[in-house]
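Chemist: Have a look at this one.
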Amino acid sequence: MSLPWLSQPVMLHSSRDAGTCSMTPEQCAFKTGYWVFWYEADHRYGLPTVALFLAVILLVAVCSFAVTYAPKSLRRRPLWSRLVSLGRLMAYKNWRLGSWNSQSLGTYVLGVIGAVFFFAMTLGPQPYYWPNTRKISFGNSPPIATRAGYMALACMPFLFVLGAKANPVSALTGISHEKLNIWHNWVAWAMFVLALVHTFPFIVFHVWKGDIVMQWNDGGMWVTGVVALLAQAWLTIMSIRWIRDRYYEFFKATHLIAAAVFFVFFFIHCDFRLTSWDYFIATAVLYSLCFFYAQARTFMEHGIRRARLSLITPSCLMVVVETDTRWTPGQHVYLRFLTAGAHALTAHPFTICSVPRRGEKSEMVFYVQPRKGVTGRLARIAAKAPGISVPVLVDGPYGGVTARWFSGFDRTLVVAGGAGAGFSLPIIEHFLQSSRHNKSESEMTVVIATRDPNFREWYCEALESAVVRQQNASDTKSSRVFIHYHETECSVSNDSGSSEPSTSIKAPTKSVEKEPGAEDADCWVSDSGSVSLRRAGGRPDILSLAKHTMESEGSVGVLACGPASMVFDVGRAAAEGQRRILSGGSGASEVWFYNESFSY
């Protein structure tokens with residue numbers, strides 16, 4: 001039984017035999033030119049596209065490895081510091097456009113390199129169309145359409161891999177999947193534009209030839225191509241940020257279905273031409289490995305867990321999952337609650353607001369700001385039955401701070417706001433935990449901006465628990481943590497679209513001191529004196545604080561999680577720090593920046 005729309009007999013590769021050319025020697029030479037020969041088009045355009053992607057991935061991986069594992073003797077050299085700062089400047093520098101943060105300068109540089117490559121490979125070689133006449137035919141596939149098609153095809157394995165949470169690109173480069181998502185989006189647009197360039201020349205050619213209706217009625221190549229293009233258009237256009245954010249649940253529900261339709265019809269459309277099916281095999285193998293690896297971790301490492309729900313305040317839901325898994329600060333997991341109705345079909349990202357315990361079972365703690373959808377439903381369940389336990393599937397952990405964090409800094413600044421306030425808790429606890437290994441004193445300043453009037457009720461309790469755990473485990477006197485939280489009322493808006501978690505603190509019952517001249521400014525100090533917390537009103541001056549932290553000598557680590565405007569201010573200060581290092585100015589000898597956001 002023959003397969004519909006596929007040439008018979010079905011093979012893995014079609015023949016490269018062009019047959020005997022019956023035209024003049026000049027015409028034959030023109031037809032078989034290096035850039036236009038149809039029977040070598042996959043080698044001329046597909047393989048260079050693959051090489052471009054692999055070269056960029058390898059370059060980033062080598063740079064990441066060099067920065068992480070460079071010997072101390074090399075890191076002390078001024079030239080090395082300047083090279084690292086130049087790379088960080090490219091990664092940190094971005095622009096504020098209205099309520100939106102642009103991508104980094106380095107991202108745009110790589111994007112321009114890719115755009116130049118595709119434009120040059122598409123528009124550089126001549127001709128775009130064969131100079132066919134009614135009597136002479138060089139071929140039925142316009143050269144510009146052929147090369148655009150093979151370049152689009154070569155993008156496909158990377159498009160699918162960059163869309164997977166567990167993927168080899170993250171493993172090689174150390175860049176988490178959510179930060180690679182911009183490339184998943186951009187590669188999709190490049191592939192879509194190339195698909196359009198592939199499609200319209202065929203329409204022009206067959207209109208000229210007068211057989212476009214016959215081509216459509218014959219089905220096969222045209223029908224499968226149009227269906228694949230429509231599915232691709234849906235996937236690409238629906239990924240536009242404002243459309244995706246407005247209809248996110250619908251976008252997420254239809255994304256995999258549309259991707260499957262695209263993949264199947266594109267596969268049939270290619271009809272084993274030359275090595276076209278090799279790209280589908282590579283895509284299927286790579287994406288399957290990514291998918292099944294994530295599923296194996298979910299069911300074999302985690303299994304079905306129980307999540308304990310507690311509505312601490314009307315605006316804060318605490319979710320606790322017991323686990324044997326290890327994780328690092330800033331990491332997130334995807335939780336699929338099996339009692340959330342239709343929401344059980346999808347998993348949602350939550351930042352882990354705790355650190356694992358040594359030698360015993362650990363608890364993943366999440367502080368969630370209830371909204372619409374699954375978090376709102378969970379909050380209603382917790383309100384009716386406090387402490388209720390529900391089944392949950394855990395996928396992860398993913399992301400987290402990079403390797404440089406674990407070497408420590410002389411000074412650390414943590415800025416968090418809105419639903420990202422909980423991000424600060426594991427950072428603080430890990431800082432105290434690692435202080436036992438620090439030979440020199442270090443300090444951390446934490447600034448939290450919140451308009452949640454119940455913030456203190458859950459954050460202080462969580463903070464105090466973390467401090468007590470670390471005081472019992474080690475001597476933390478060599479490290480100090482200064483926490484300033486600002487009640488901004490409605491002056492700060494959560495415009496980041498970041499992950500759902502937010503942290504909790506219950507105001508400790510210890511004595512409260514009033515600062516002179518600071519009306520209603522509460523102050524709390526831990527028993528060891530290693531942690532102090534001060535409450536103030538008004539919006540914090542993040543930019544000035546960040547710049548002040550970088551004025552003194554030594555190494556500085558900066559972390560941010562919160563509204564886009566807040567993250568931008570911190571990132572701008574970090575970029576300025578790199579510029580000062582490059583120019584040889586005074587101040588911090590190293591500035592490292594990490595931001596946590598699910599706004600992609």
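Just so you know, glycine gets a Cβ as well, placed from its N, Cα and C.
Taken from TrEMBL, the feature transmembrane segment covers 45-70, 105-124, 144-165, 186-208, 220-243, 250-268, 280-300. Here TrEMBL flags 296-404 as domain 'FAD-binding FR-type'. Summarising the annotation, TrEMBL assigns compositional bias 'Polar residues' to 491-506. The annotation region 'Disordered' is assigned in TrEMBL to 491-521.
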Chemist: Give the one range among 186-208, 220-243, 250-268 whose Cβ atoms make the most pairs under 8 Å with those of the transmembrane segment (144-165).
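Modeler: The listed stretch sharing the most Cβ pairs with the transmembrane segment (144-165) is 186-208.
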Chemist: Sequence-remote contacts (6 or more beyond its ends) of the transmembrane segment (45-70), Cβ cut-off under 8 Å?
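Modeler: 80, 84, 87, 110, 113-114, 117, 121, 146-147, 150-151, 153-155, 157-158, 169, 172-175, 275, 279, 402-404.
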Chemist: Are there residues at least 6 beyond the ends of the transmembrane segment (250-268) whose Cβ is under 8 Å from a Cβ of it, and what are they?
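Modeler: Same-chain contacts beyond the ends: 4-6, 156, 224-225, 227-228, 231-232, 234-235, 238-239, 243-244, 277, 280, 283, 345-346.
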Chemist: Counting by DSSP, what is the helix, strand and coil composition of the domain 'FAD-binding FR-type' (296-404)?
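Modeler: Result for the domain 'FAD-binding FR-type' (296-404), in helix, strand, coil order: 25 helix, 47 strand, 37 coil.
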